[in-house]
């Protein structure tokens, strides 16, 4: 999947580890949204 930034990854600075995965729509079952950013198209999720 496409990596995305979770709040736990720290500020959005080039070189940071991106520990989330983009899910179109909303997170899959067993995953949780891992940041506060609101996007109607996708959520950044973590297992």
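Placement of Cβ uses the backbone N, Cα and C atoms for every residue, glycine included.
Source: prediction; values computed, not measured.
Summarising the annotation, Swiss-Prot assigns hydroxyproline to 3 and lists experimental evidence as the type of evidence. For 4-44, 6-34, 27-45, the entry in Swiss-Prot reads disulfide bond.
For residue 27 (disulfide bond) paired with residue 3 (hydroxyproline), the C-alpha to C-alpha distance reads 13 Å. Taking CA atoms as the reference points, residue 3 (hydroxyproline) and residue 44 (disulfide bond) are 8 Å apart.
Annotated pair residue 44 (disulfide bond) and residue 34 (disulfide bond), C-alpha to C-alpha distance, rounded: 6 Å. Spacing of residue 45 (disulfide bond) relative to residue 4 (disulfide bond) is 8 Å (Cα to Cα, whole number). A straight line from the CA of residue 4 (disulfide bond) to the CA of residue 34 (disulfide bond) spans 10 Å.
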